[in-house]
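Visitor: Dropping a structure here in structure tokens format, bear with me for questions.
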Amino acid sequence: MKDELIGKQLASYILMESLGQGAFGSVYLGKHFLLTQKPPVAIKVLNTALNSQEEFDRFFQEAVILDELTHPNILPILDANLYEGYPFFVAEYAPGGSLRDRLDQLNGSPMDTNEAVRILQQIGRGLQHAHDMDVVHRDLKPANILFNARGDALLADFGIALQIQKTRRVDEIGTPAYMSPEQFKGKISKKSDQYALGCIAYEIFTGQQIFMADDPYTIGYKHIYEAPIEPHDLNPAIPAAIEEALLKALAKERDDRYESVADFIQALLDATPSEAPAKKSNPPTQAKKNTSRSGQPKPTQVESREVHHHVIETNPPTRERRTNQPEEPVTLPKFLQKRGQAQAPNQTTRHVTQLRPMWSTTSGLAHVYYSEPTVANGIIYAGTYNSVNWSTASPRHLRALDISTGEHLWSYKTQSGIFEAPVFADGIIYFCSGNLDNGGKVSALDADTGELYWSIETEEYLKATPIVLNDIVYAHSSHAVYALNAATGQQYWNVTLKAQLQGRPMIANNEVYIATERGHCYAVDADRGQKLATYADVGRVYAAVTFDEHIVCICVNNGQLYALDMQTGETYWSIPLENELAHEMEIVNGIAYINMQGVFSNSTARTKLFALDLATGKQQWGVYLKNEIDATRWS
């Protein structure tokens with residue numbers, strides 16, 4: 001809000017001075033223009049740049065929520081109105097400043113234990129009341145905890161609060177330093193507020209924020225993956241029971257936290273030494289602004305991932321294997337020394353002559369087709385692409401369809417085609433798109449609503465299905481592999497090869513295997529993208545699995561499908577292939593579902609779909625189909 005409002009009259013109030021800025025506007029100290037004996041108030045005014053009806057409604061939502069949440073530890077609302085184009089609401093003025101001010105005044109020192117528990121108890125009471133009313137705050141932080149003239153804590157700033165029964169929007173993210181791991185992924189619950197309160201409690205008891213970094217992406221990574229410094233390492237005087245309660249509220253998995261905020265507060269009360277009664281500290285008379293702390297936080301024991309870019313020379317191949325491995329490239333045996341080589345048994349197969357669809361749908365446009373689908377929770381997710389002009393930008397969509405009826409649930413518009421299946425993981429849909437002229441994108445959407453979480457551009461266009469594993473998204477183009485944070489899209493590393501990739505990268509036991517059209521395969525570290533080994537004459541890698549603590553790659557070379565031990569170079573089994581594999585394998589519970597297309601000696605069909613036990617190489621079943629299969633997906 002512009003400072004020119006200071007001194008102006010807004011309805012019955014004169015704006016005396018600025019108190020700060022919130023998510024949607026500015027907060028001013030106001031006095032009644034006529035009744036001078038009335039106490040001062042805090043007046044929140046919507047930013048004039050936000051002037052749509054939706055923004056008006058969202059601004060006034062905070063006033064409505066505050067009005068519904070009457071509680072001694074929640075900031076009282078006095079009035080709300082629209083005056084000469086300015087939406088505003090009036091709340092009680094809290095002259096005691098904020099918890100942020102008090103922590104800054106401590107200059108990195110812990111707060112007195114009894115005073116800390118008193119404040120946390122009051123915050124917890126207000127927060128539990130909000131939760132009982134099905135309201136999640138979503139932006140709990142020291143700056144949003146105010147103190148009235150009596151020194152009591154008041155929960156404020158419900159500007160992005162979520163009313164669970166009234167809306168499913170979770171697009172506003174909150175403040176990264178106090179956000180729960182699931183909140184970075186767009187998943188909000190009452191336990192997200194508990195985690196934020198745990199972050200505040202950690203800072204109160206130790207004098208340090210739980211995680212600190214220069215950018216929100218790194219902070220998000222720390223919240224999701226890293227353990228905090230033990231509170232007693234920062235404050236040796238903290239009681240062990242309080243530390244235990246803090247760490248439980250700060251659990252990465254929300255199911256591991258307390259059932260409610262009230263339970264967390266009760267645990268703190270039970271753990272508080274009873275020798276001295278809790279006492280109120282004198283509240284500061286004026287809020288301090290931009291106060292910095294001189295104390296530096298201790299480094300966490302786990303370093304955050306850095307962004308790494310590697311260029312692998314693919315001609316000639318080199319080998320950088322662990323010290324207990326030979327220094328020469330692994331040349332595969334010519335299938336002369338094999339352990340239990342398995343030939344495909346002559347099993348009974350059945351011919352499918354007719355399939356009757358429950359429903360069908362089309363893109364509705366000429367030369368525009370659906371990609372391979374992904375099915376999750378009764379919804380089919382598929383992209384569209386233009387089969388004629390895919391080299392240039394052409395708006396396409398990712399669509400969600402009801403699996404039972406084919407009903408269109410939502411659609412997300414992209415500027416390029418989506419050629420292969422999206423991936424569903426933890427309520428998020430990940431997909432790759434692109435064209436030759438404008439490069440590629442990796443995007444993440446809310447699987448229920450189609451709302452965009454993040455989108456990252458790449459130099460080469462992306463066509464293949466991404467891989468999501470251990471909260472990392474792996475995407476690849478013709479010559480590069482990218483590793484991205486699944487929650488934020490932050491790039492951890494990328495590897496660029498001179499030779500073109502053959503197939504998608506495969507991941508097993510924290511190693512990524514990348515095969516090229518020259519027959520070489522590179523193993524890189526999944527966390528940092530550093531090259532671990534180079535293998536020669538491998539062929540195409542279709543899968544990487546773990547057997548008996550050994551990484552085994554399932555490869556195709558010279559008409560043979562075989563299993564290769566990547567530590568010893570031994571071939572476990574191999575079977576001849578009548579035709580080329582048409583698509584990537586789908587692997588579930590150690591069984592590979594494989595699609596092969598071409599001419600078969602014992603059938604007039606053009607397609608064979610079969611299941612293979614990866615441990616033995618034995619075919620479990622097979623079926624011939626007259627028509628080609630565009631995709632194989634397990635559901």
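The chain as shown is numbered from 1 upward.
Even glycines carry a Cβ here, placed using N, Cα and C.
Nobody curates TrEMBL annotations by hand; they come from automatic prediction.
Feature annotation from TrEMBL assigns ATP binding site to LYS44. Marked as compositional bias 'Polar residues' by TrEMBL: 282-302. Here TrEMBL flags 303-325 as compositional bias 'Basic and acidic residues'. Residues or ranges marked as domain 'Protein kinase' in TrEMBL: 13-269. Annotation source TrEMBL lists region 'Disordered' at 273-328.
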Visitor: Counting across all protein chains present, how many other Cβ atoms fall within 10 Å of the Cβ of the residue listed as 'ATP binding site'?
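Guide: Cβ-Cβ neighbours of the residue listed as 'ATP binding site' within 10 Å number 28.
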Visitor: If you average pLDDT over the domain 'Protein kinase' (13-269), what do you get?
Guide: 86
Visitor: Going by DSSP, give the three-state secondary structure for the residue listed as 'ATP binding site'.
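Guide: Looking at the DSSP assignment, the residue listed as 'ATP binding site' belongs to a strand.
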